[in-house]
Amino acid sequence: MQAGTMDLVTLVVFGSWLAPALGSAFGREVFASAENADKDYDSAFEYDYESLRIGGLVFAVVLFVLGIVLIVTKKCSCSSDKPRPKDPDVETAVPIAQ
Amino acid sequence: MGYGRSDSYRVATTQDKDKSPKKKKGGKDMDELKKEVPITEHKMSIEEVCRKFQTDCVQGLTNAKAAEYLIRDGPNALTPPPTTPEWVKFCRQLFGGFSVLLWTGAILCFLAYAIQAATEDDPAGDNLYLGIVLTAVVVITGCFSYFQEAKSSKIMESFKNMVPQQALVIREGEKVQINAEEVVGGDLVEVKGGDRIPADIRVVSAHGCKVDNSSLTGESEPQSRSPDNTHDNPLETRNVAFFSTNCVEGTARGIVICTGDRTVMGRIATLTSGLETGKTPIAKEIEHFIHIITGVAVFLGVTFFILAIVLGYSWLEAVIFLIGIIVANVPEGLLATVTVCLTLTAKRMAKKNCLVKNLEAVETLGSTSTICSDKTGTLTQNRMTVAHMWFDNQIHEADTTEDQSGASFDKSSVTWLSLARVAGLCNRAQFKAGQDALPILKRDVAGDASESALLKCIELCCGSVRANRDRNKKVAEIPFNSTNKYQLSIHETEDTNDNRYLLVMKGAPERILDCCSTIMVQGKEQPMDEELKESFQNAYMELGGLGERVLGFCHTMLAEDQYPKGFAFDTDDVNFQTDQLCFIGLMSMIDPPRAAVPDAVGKCRSAGIKVIMVTGDHPITAKAIAKGVGIISEGNETVEDIAARLNIPVSQVNPRDAKACVIHGTDLKDLSQDQMDDILRNHTEIVFARTSPQQKLIIVEGCQRLGAIVAVTGDGVNDSPALKKADIGVAMGISGSDVSKQAADMILLDDNFASIVTGVEEGRLIFDNLKKSIAYTLTSNIPEITPFLLFICANIPLPLGTITILCIDLGTDMVPAISLAYETAESDIMKRQPRNPFRDKLVNERLISIAYGQIGMIQAVAGFFAYFVILAENGFLPSRLVGIRLNWDDRSVNDLEDSYGQQWTYEQRKIVEFTCHTAFFVSIVVVQWADVIICKTRRNSVFQQGMRNKILIFGLFEETALAAFLSYCPGMDVALRMYPLKPSWWFCAFPYSFLIFVYDEVRKLLLRRNPGGWVERETYY
């Protein structure tokens, strides 16, 4: 279920960027084009950096949160996961002599 | 830490091998003290001793004399080992090992900045920032490891026993209680059961006095003390009791002959603190690593320095480049990574009851090739236990396991009931009060070890001994003494109608047999015939051969007509029959091995670790225990065994035929160094018995001479010199003495030898994982250096800046590198041989070749691809870029034309350049995804290893999140000069990431397919 949400989120995030990204060929800071008054020629050089920043930040935050969630859930799955391979060791080695 | 010093020490040991444990070093006063003759007072008569100290063996010293001696000799306390001041410890963390590399880098940075500041008007701040960051990294990591170690030393503090000791001395004929520190030589001291002996004393009178020398010898068996000299060796003689040992029972008076550091205990402690130890294996590895890295850095630096000169740069510029390249080779994050990895392992080990005092010692156990283990308390349970019984003409085995899970024997025989009755009644040991809630085996017992063993055994099998004793009231008793060699008591019977008395007796079997005329078999008395006598002899020999202490038991009902009710038994002038008794059986006792030990020894053996037993105990017992725990494995014989089997003299046996050997301490003394080496080399299973503290040291040194990495386990003060000298000393947390804990590098909190196996496993795992971490961290060095190299050679705009490099090394790479410490082992690490410290290095040329030469190169290409794509998208085709540098970086050029003729101002150009830095940075993050996945394994495929390492996945997420954050967060363009990237630029490095993964999977596949083939020889790190 978690993986499902993750996929959805990444899809949305990527989708929201890919559209403007594909739309423009290249471009730099806004003032680079502002100096040339002719808007028709410059439209190709304009790029929506504002939404790119927001999209990027959302992406970063989502990844960060996912990472944290992974660590937190690790504890649960770990307690059922880790003892399995380590059980034989622990049992033979430690508890008998206290 | 110099080897020269330890060599000079070695000479010293051989010289005073036959004398008392001595050590030079320390102040001149110390030398003076140690030249003093060893103890001879035990050979003197009491009068002589009194004369020597001008004391009186009844009145004691006069107060004036005592005060005079106190001033002359100083207080009776051990000089604490010179403690390193905290700031020295801190500096050691700051400037030790890996930090040197970073410090050098930082200094070079400042140097380069100084040159720039002196020559340029507006110097770039990069070198200054880098220098500051490097310094900060070292300082922070230094603080971190300092606090880590301070934490474990705090645990050490808690072990210290702070209770001030008191001593009862007789001065001017009066008993006075004084502080043990004020005791002086010549003082007449009185000790009683439960006291700690305040100094080395020559016993002048004793009443049933027994001392527990375990703090000195490790053997907890109480020894009796009497005024007579029984042995030339002061350590063996009965009339000397030693400082800091315990008086278990009885009372004794003695004259103090040595105090403070001059006591036997003090000598050992001084010897220990005087020993210098070598570097830990991991420290050596890190040193080797630094050599390699410095080599590569200097080589690159000098090459490009020459190239820069050839290309026409000025000298100063070339020097700046040289420094820049050298510094770029410093893996900034690695110090922190290694420290964190070691700390994590130390934590994990502490959870498994191995407390590591020194971070570097974490790995040492993994490299260990020889373990010298003490016997008592480490391999054994350190409690006497009834192991065997012989009755009804048959040997029965008792349960010796700690949790009573072992097999039991037939308890239905009437003979057994009689035996149990005798063992319970003729026994002075009793449980201390208030322990009814505890399991029987855990209860404390007042009494001697053998009697306690019997008491517990009977209590377990037949119920309350006390109730039995109450029902059979004791009328008379002759306690055990060394002349009789038996103990006897007379009881009323529990049957009130029966007015006869019951006489029970136990003692040395042959002595008991002499008193008997009949023997009980299946509950019936039979006359003792030759056949039964022989069967008794065989059983006695067999049990004795197992290293067990054997006791015989007999009883009789005294005839009512001779001994009517109320008969006055006189135990001093024996007025009753002590012969014509009825023999019942034998019981034998041993300190049994701990349950987990045989398994642990087996694991050590399959891990290629040689386990040597070094004990102060007798050879037969030592050998029996060694066989029991598998140190001498089944079917392996000693020279003596072979001689006995073939019925030939020992001298005719070829020593090479015997894999096992048992060596007595006295023989060890006469061995030359070559003979010693020969023994250690040619025998795989060795037991040293009756060894002195110094001999333990010689054994450890012998092993180290042969190139072994030696772990020593021990608990007594006698073990501490060896613990200190060993590559890793392992002390016991529960039974261990303070001195041994101070000397050790690691403490087993549960005293269990099996915990060592966990330590070995963790140590080996961390060594493998550190390799992986380092391989991962080093790889990104190449994509970080090459931009600068191309910047110099091809005169292109700088593709990657210092700030972005730091973001990788100290930012995105950190979590994945650390997460590799959580990797599970690829194969059974306990099935392979210990690593050879000369061949299996932490970092070798192959690792460098993979990291720098192969994966690193692909990564660099990926970065440059992104760089060229962005510049091309902005109008600068690669062909235009070559040679553009001077104009590009010139502030006054504000009309630089790109390939399409567009003009760029300086500010605009810089924005594109820093966007390229960001893209290069992101590309490195993307290729490092693949890198961390391939670094998970060194031989196996990732598909075999799986992706179960959650921390690693977390690392992947976090590094990507961090990269996105750095690129997109508003304000970053001002703070770190990082600019937002178009999503398409993220994907530039993807094909390369995939390529790295496929490349390495193929390499590993070839490596697995052709073991020992070219691929393995050249690329397996």
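Placement of Cβ uses the backbone N, Cα and C atoms for every residue, glycine included.
Under the heading compositional bias 'Polar residues', TrEMBL lists B:212-227. Look at TrEMBL and you will find B:40-114 tagged as domain 'Cation-transporting P-type ATPase N-terminal'. Annotated region 'Disordered' per TrEMBL: B:1-33, B:212-235, in sequence order. The transmembrane segment annotation in TrEMBL covers B:94-116, B:128-147, B:289-313, B:319-342, B:847-870, B:911-930, B:951-968, B:983-999.
When DSSP labels each residue, the domain 'Cation-transporting P-type ATPase N-terminal' (B:40-114) comes out as 48 helix, 1 strand, 26 coil, counted as helix, strand and coil in that order. Contacts between the transmembrane segment (B:911-930) and the transmembrane segment (B:983-999): present, as 3 or more C-beta pairs lie under 8 angstroms, all at sequence separation of six or more. Remote same-chain partners of the transmembrane segment (B:847-870), defined as residues 6 or more beyond its termini with a Cβ less than 8 Å from a stretch Cβ, comprise 292, 296, 771, 774-775, 778-783, 786-787, 790, 799-800, 878, 881, 912, 915-916, 919-920, 922-924, 926-928, 931, 934, 985, 988-989, 991-993, 995-996, 999-1000, 1018-1019, 1021. Here the transmembrane segment (B:951-968) has Cβ contacts under 8 Å with residues 807, 811-813, 815-816, 818-820, 822-823, 918, 921-922, 925, 928-929, 932, 936, 976, 978-981 of the same chain, all six or more residues outside its ends. With DSSP classes pooled into helix, strand and coil, the tally for the region 'Disordered' (B:212-235) is 4 helix, 4 strand, 16 coil.
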